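Undergrad: Provided herewith is a single structure, encoded as structure tokens, for subsequent inquiry.
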């Protein structure tokens, strides 16, 4: 893995200033003040909002509280998507802070998975990591790890410990010297303009002639609508971690440096904002 540790650090410590407001129809005993928080892009909403939950429960009666869920401008927020992905996909062109509405009633069963405990988040996270390693190394790396290594990856994410997480995760980012990259690149491409949750296909980082595939190559093959026609203007932004990487960037480098902790590249295709 090329050593661009600053990039890994910048990605890990990316934060989104957020204002949580209780939904107006929730029953409270006194007025609920908004709650402000810097959300870590690489984490999950249900993992980092215990303080938000406690803050609003203080002004509510126990019988008015059921499972917490979050919504932005009418869209329920999927807790199993990383926070940075949710923001890029739904709110990247809006002003900060990100305004999220908090609900304790009327859970939207059709739109969201239940999150009964932190164990549910851990199970989802580890299953994504295993899927990513199946694509990258035929599962050899993750299967050779001990249970305590898996736990260290999870605890590193849960407790926001960069060094603890990367001490193990770097093994998942290595590949044999004779190969120029992973077997396949773990990626998911999301668009707000389609009903399909995401696009995911097998795609190699290196072409048959030994050339490194780029982000542009990936998009042309699996999501051509995201790339501007030769003569036309770009209708979309391609975003990872709140930035628009150059389409000439090698996919292997992106996978090593801009993947989320679950080892996937989560790529948002969003309409170009109109000023």
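Using N, Cα and C of the backbone, Cβ positions are placed for all residues, glycine too.
Take a look at what TrEMBL says about it:
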| type | residues | note |
| --- | --- | --- |
| DOMAIN | 11-104 | domain 'Autophagy protein ATG5 UblA' |
| DOMAIN | 119-174 | domain 'Autophagy protein ATG5 alpha-helical bundle region' |
| DOMAIN | 184-269 | domain 'Autophagy protein ATG5 UblB' |
Undergrad: For a three-state summary based on DSSP, what are the helix, strand and coil counts in the domain 'Autophagy protein ATG5 UblB' (184-269)?
TA: 18 helix, 21 strand, 47 coil
Undergrad: Taking DSSP states H, G and I as helix and E and B as strand, how many residues of the domain 'Autophagy protein ATG5 alpha-helical bundle region' (119-174) are helix, strand and coil?
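TA: With helix first, then strand, then coil, the domain 'Autophagy protein ATG5 alpha-helical bundle region' (119-174) has 47 helix, 0 strand, 9 coil.
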Undergrad: DSSP says what for the domain 'Autophagy protein ATG5 UblA' (11-104): how many helix, strand, coil residues?
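TA: Summed by class, the stretch gives 24 helix, 26 strand, 44 coil.
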